[in-house]
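Chemist: So Swiss-Prot lists these for the protein:
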- H429, D431, H500: Fe cation binding site (BINDING)
- K510: 2-oxoglutarate binding site (BINDING)
- 411-519: domain 'Fe2OG dioxygenase' (DOMAIN)
- 205-238: repeat 'TPR' (REPEAT)
- 1-17: signal peptide (SIGNAL)
Amino acid sequence: MIWYILIIGILLPQSLAHPGFFTSIGQMTDLIHTEKDLVTSLKDYIKAEEDKLEQIKKWAEKLDRLTSTATKDPEGFVGHPVNAFKLMKRLNTEWSELENLVLKDMSDGFISNLTIQRQYFPNDEDQVGAAKALLRLQDTYNLDTDTISKGNLPGVKHKSFLTAEDCFELGKVAYTEADYYHTELWMEQALRQLDEGEISTIDKVSVLDYLSYAVYQQGDLDKALLLTKKLLELDPEHQRANGNLKYFEYIMAKEKDVNKSASDDQSDQKTTPKKKGVAVDYLPERQKYEMLCRGEGIKMTPRRQKKLFCRYHDGNRNPKFILAPAKQEDEWDKPRIIRFHDIISDAEIEIVKDLAKPRLRRATISNPITGDLETVHYRISKSAWLSGYENPVVSRINMRIQDLTGLDVSTAEELQVANYGVGGQYEPHFDFARKDEPDAFKELGTGNRIATWLFYMSDVSAGGATVFPEVGASVWPKKGTAVFWYNLFASGEGDYSTRHAACPVLVGNKWVSNKWLHERGQEFRRPCTLSELE
């Protein structure tokens, strides 16, 4: 009976080499200008075609009047020598000119421009990446398909709608990934919009074809059968649906016979009371991460909250900050996470972004087994590295970090600038190397990453928080601020509570830059204590 499963097999075209637009909102803005240029070129082409048609129309109207007069008295008309001459001239010369005008291709300029710009277009991987980002945002922020389709997202300035065809394409992307849960959600949304009367290039038969199979793959045979019957009402000759109908009915009959004795056990399971909600502390990391991204589950006792303060910080009497101390705020106690306010100016931010933009490349991670740098699905951003010697602003920023932390930046890594893409994120990770990764920073020769300094260089309309799932902390982006924490205890042991993540950007454009400071050079700046965990 396996031959009955004819149900859908779709392959996306192979992706070509591309710049990975979907991983950086900053670079995606270039596409807006590209499309604007193409629209201008297209309008020029339309104007040229309209001018051409106007000339042909005027010529046709003139000849229509002339031939109407001539056909009333052909002999009398050509008996006039001027008319005879003009008739010869028109047929010998002017009709040839008209033929050339009609055959003239006005699209050359537009096609030429389109061909030039096409090399900068996103490709299949970009489109699929953007689609997956929507699915990721849907899960992380508990958004239903109707909310996304209608563009009702928090903080949006430019509301945008999804057509039934768009919803269908999202469902197809999920299907290609064998993600039948999202396939069902988006095919149902497409079907809903079609049922509401939306005019579309897709039809209900195609949607039901995918939907019935997605439901079947999730084990809901009754619903799959119902949807298949609905499809056959619209297209009784649909070969795959007819095959599936027989297969579903066969499976249901077989299950009914085999599982009769087990039906009582199943009913007992259904009546079993549900377990009480699990405390946030004991949820799997993925759930805690998503809850924190939504601003849920963040709890700190009043006693702990009383230990959090705001203060002016002069960098241990650093001359640069005595008259204008830095504004410091405690974000969390264990691990201690500090935010510095108004610590980088808008002008400095723009210079850093301008330096980074031409160098932005897809962000990578170090493979713990091979040590090779590679792109991964859980880190969606582009990054660039800036050295202090190449621009005085970068050098000044580096020294500011040293003055405020008291740590030596000469052994730190270069300033990393990152711009997050559609649904841009970096799932939970450690900044420091664990004991099973002894060679992680061996080539640097500066030891482990003792601390992290993170600048927020843009406000984010929705999403994009930095969260610490182990402890329940969430730090929200605020332009011009920076956060700082130690990854290692003073003993050099890793602080596993610093495991953190960059939440997906729901709406907006997130720019950050960070400085990873290393152990070497800090021996007397942050000496170890007698305890491993201090």
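Any Cβ shown, glycine's included, is placed from N, Cα and C.
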Chemist: Under 8 Å Cβ to Cβ from D431 (Fe cation binding site), same chain, six or more residues apart: give me those in sequence order, or none if nothing qualifies.
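Modeler: Those within reach of D431 (Fe cation binding site), by Cβ under 8 Å and sequence separation of 6 or more, are R449, T452, N487, T498, H500, W516.
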Chemist: Just to verify: the residue among H429, H500, K510 with the fewest other Cβ atoms within 10 Å, which of the binding-site residues is it?
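Modeler: Fewest other Cβ atoms within 10 Å, among the binding-site residues H429, H500, K510, is found for H429.
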Chemist: Under the DSSP assignment, what numbers of helix, strand and coil residues are found in the repeat 'TPR' (205-238)?
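Modeler: Split by secondary structure, the repeat 'TPR' (205-238) comes out as 27 helix, 0 strand, 7 coil.
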Chemist: Which residues, in sequence order, are found in the same chain with Cβ within 8 Å of the centroid defined by the Cβ atoms of H429, D431, H500 at the Fe cation site, excluding those residues themselves?
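Modeler: Leaving out the recorded residues gives Y426, P428, F430, T452, N487, T498, R499, A501.
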Chemist: Between the residue listed as '2-oxoglutarate binding site' and H429 (Fe cation binding site), what is the CA-CA distance rounded to a whole number of Å?
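Modeler: The residue listed as '2-oxoglutarate binding site' and H429 (Fe cation binding site) have their Cα atoms 19 Å apart.
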Chemist: Report the DSSP secondary-structure composition of the domain 'Fe2OG dioxygenase' (411-519) as helix, strand and coil residue counts.
Modeler: 3 helix, 47 strand, 59 coil
